[in-house]
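J.: Checked TrEMBL, it gives:
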ACT_SITE  Cys339  active site, proton donor
DOMAIN    43-275  domain 'Orn/DAP/Arg decarboxylase 2 N-terminal'
MOD_RES   Lys66  N6-(pyridoxal phosphate)lysine
Amino acid sequence: MDVSPVQGRVTLGTQYFCDKEKEHGVVEHFKNEEGPFMVGDVADIVYKFHLWKREMPEIMPYFAVKANPHPTVLRILAELGAAFDCASKDEMEAVMSLGVSPSSHMIYANTCKSPANLTFAFDSIVRLMTFDNEYELKKMWRFQPAAVLLIRIRADESGVALSFGTKFGCELDEVPYLLREATRLMFPVVGVSFHIGFNNSNPTVYATTIGWCKKVFQMAEVQGIRMKVVDIGGGFPGANEPQFLEISRIVRDALEEHFNLDDIAVMAEPGTFFVESAFTLYTQVIGKRQKGNQKMYFLNDGAYGSFRQCAVYQSLYEPEPVIGGRSLEPGCSVWGPTCASDDRIIQCCPLPDMDIGEWVAFRNMGAYEGEVATNFNGFPKPTVVFAVNAAIRPRFEACRTWPELLKLLKEQIAHKLDKK
């Protein structure tokens, strides 16, 4: 349901009030939707921001817009005081439309930037950028000579599911030459950045790579360059809080071991962390087939929609039928709606005997899934709505400003933050 802005009231765009413990009510409310729908929990986004500030208060989060550029997500994080990691003109424009300062609260962190986007960044006073090769330096010299740079190094990626180092980041032995080239082109290189990759099972890589950052600082000092920024990138889990707490401890300890925190600024580029657990995808069973001993279920969303990452990360997706309490049958497979034979979400999993028309929920779908979805074969992307707990509805509707709303939501999640 679309909720038009009401004068003197804060709205979330498309919003819905629900008791989050009553999932049947959520499905009943949207049962006439033609396609899948995604429900975002705004309080969860607020919780994640305050959890970050509690665990790593010295590290400024630059939200990776690519993870979920929904306007409501960006608005909430901007109002909370986050900065933003952008990779294109469109992402920069989306953030600046919220009144975010391009010079102080944005980084253009794509190491391969188009001339047109560099020109836009120059005109928009987006200054902080990353680089990892000499050709990028020469391109920036032509199209964004006012850039302030971080040199991106390849991180320790031991245990990573998806490596970024094959495409991004220079090797340590390349650093001295690249620093000399930057100096020759009169670019200030103020620090170093890295990214440990996606879904890394080895949190100690942060400590290792932070140690490498110290070596980069020392290489820069030899050339008379005084660095002052460490950007520890992203890779923080969005649905595994114990692992995040472990990473936070490792990062804090490594920074204290290698740097005087009074002399540097530390930033990060979390994306998944802020949004993954905030969104649940609801899909409907639109087909069913018995093939030998296996039951095949067909949903109204699939590998060409919200499950674009399933070819690599099938194990991440866990279907939860909204109607629970039934015995499970092993060896079921789950498929999408398109004519593509590879439109498979899950190869083998236990499920109850479901009827056509039933709904299936998938948790932790807030990062990337909706952003890389397509309309292949004419199937729609999920409708996105934002949920606010029905218990606070009167107070929510009385909110006149974003600070009022965010204060209300912080009160709602305060008990979780108090748990250490």
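Cβ coordinates are placed from backbone N, Cα and C, and glycine is handled just like the others.
Unlike curated entries, TrEMBL annotations are predicted automatically.
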J.: Where does the mean pLDDT land for the domain 'Orn/DAP/Arg decarboxylase 2 N-terminal' (43-275)?
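T.: Within the domain 'Orn/DAP/Arg decarboxylase 2 N-terminal' (43-275), the model's average pLDDT equals 95.
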J.: Which one of these recorded positions, Lys66, Cys339, has the sparsest Cβ neighbourhood, judged by other Cβ atoms within 10 angstroms?
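T.: With the recorded positions Lys66, Cys339, fewest surrounding Cβ atoms within 10 Å: Cys339.
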J.: Using C-alpha atoms only, work out the spacing between the residue listed as 'active site, proton donor' and the residue listed as 'N6-(pyridoxal phosphate)lysine' and round it to an integer in Å.
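T.: Cα to Cα, the residue listed as 'active site, proton donor' and the residue listed as 'N6-(pyridoxal phosphate)lysine' are separated by 28 Å.
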J.: What three-state class does DSSP give the residue listed as 'active site, proton donor'?
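T.: Assignment for the residue listed as 'active site, proton donor' reads coil.
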